[in-house]
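Have a look at the structure below, then the notes.
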């Protein structure tokens, strides 16, 4: 979230410990918004993949020694002056290469083909006709068949480089898929990584298995063992302090670190008063009693709610919560040191791979985009601590898989995403303890109804929102004037886009009745049917 100073250099960029132990695929990023999906699809095949911007691809290739390379899509045109390009050293290295969209165009041009501007952009669903066989299509597409794909391009390949043949075409792309079987170079004008290309995952699997010959040995069990060794090597006999938010990321990180170094870890759980119902009790029970991990539980709700009184701007809410979290966390760390346990040299946090992937700016050079965490941002600088980030190579779904590998209860591992500022951004307008109590109860009833209906695991995220308005109602023989609760539920694969979940009317009616009957202060319930875009998943 926001309240952070810059992330220290020790966390600026991936540093895979899997590099020496497993086969790897290097993904060269040309700025596509869906490059992360390529990495996820490859990892689903049990092969470690890493994304680097094209400017750093040559150095990364030498360091990683990958068994294959994928060139991503991107917004640029190969016809532009100083257009991004793949290092020729990679194209001459003898490893399989797959080009996707812009990756196809730059591969074709760099190897002697011709790319021209199209008469019109081709964006959205398109039909591919397979004109010849190749390793990518084996067992997936047949010669002469027509298949749906997702296109997003303006330029197109019009002349093949030597050694290539066209194996598929589309209406706007006469050369839609190309193959050089001898060099194991393949490229496609469409995006196989997105769900809108139904057979895309199978095509990528063929590149991994049949073209690159990789079997897939990167598992969460292997990651767990390697991460434990890495933590022990980094920490030695030092002490680690970990800020728990109650979410999956920080919890999995803490349990993994505790498995590595035991009592050298102390966790600090700051309850800011904006958690879900019984969340504080659940965290304390899990860490103190189930895992026997040293835990300091701080109820700072009075302090947080006092500072938030009168604050209505959502960004100011985030900044206030982030600033206070740092203050409280730092104070507790000093108390731990004063008790004779010694000052912690290391700060653990649940940074994930999307937080550290370097993005590319084609006008201003490379820029590192690292998500600031509302709960620990700025602490390493202020407290002179080194970072321990055992999850920084993983995507969210991989963190959940690691949690299961570590034995976390499914009801905890499979929880829907929850924002760092908590219910503060699900309560538009000013926050009060009364409003939070109402929202907490309404949310609990809603989630309980979803679980009873067997829908929880089918939904990406579901929650209640307490609207800053009251409406007139009738309950019994009396008039009421109480709050409105909004219900939100979405389906998504990655959180970047989302559709509202289509509950049936019976479920919505029963849930609304339960909330109104069980939660004092609510007399009306509405359902949010906005997708993302144009809306966001959270209301603030």
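Note: Cβ is positioned from N, Cα and C throughout, glycine not excepted.
What Swiss-Prot lists as active site, nucleophile is 101, and the listing cites sequence analysis. Marked as active site by Swiss-Prot on the basis of sequence analysis: 191, 193. Per Swiss-Prot, the feature ATP binding site maps to 245, 246, 247, 248, 249, 250, 251. Look at Swiss-Prot and you will find 24-217 tagged as domain 'Glutamine amidotransferase type-1'. Taken from Swiss-Prot, the feature domain 'GMPS ATP-PPase' applies to 218-415, supported by sequence analysis.
Features recorded in Swiss-Prot, as mapped to the structure shown.
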| residue | record | contacts (Cβ under 8 Å, 6+ apart) |
| --- | --- | --- |
| 191 | active site | 34, 73, 100, 101, 149, 150, 151, 152, 197, 200 |
| 193 | active site | 34, 37, 38, 40, 41, 100, 200, 204 |
| 246 | ATP binding site | 269, 275, 279, 280, 282, 283, 418 |
| 247 | ATP binding site | 350, 415, 417, 418, 420 |
| 248 | ATP binding site | 396, 399, 400, 403, 412, 413, 415 |
| 249 | ATP binding site | 350, 352, 391, 396, 399 |
| 251 | ATP binding site | 244, 283, 286, 287, 350, 403, 408, 412 |
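Apart from 245, 246, 247, 248, 249, 250, 251, the residues listed for ATP, the same chain places the Cβ atoms of 244, 252, 350 within 8 Å of the centroid of those Cβ atoms.
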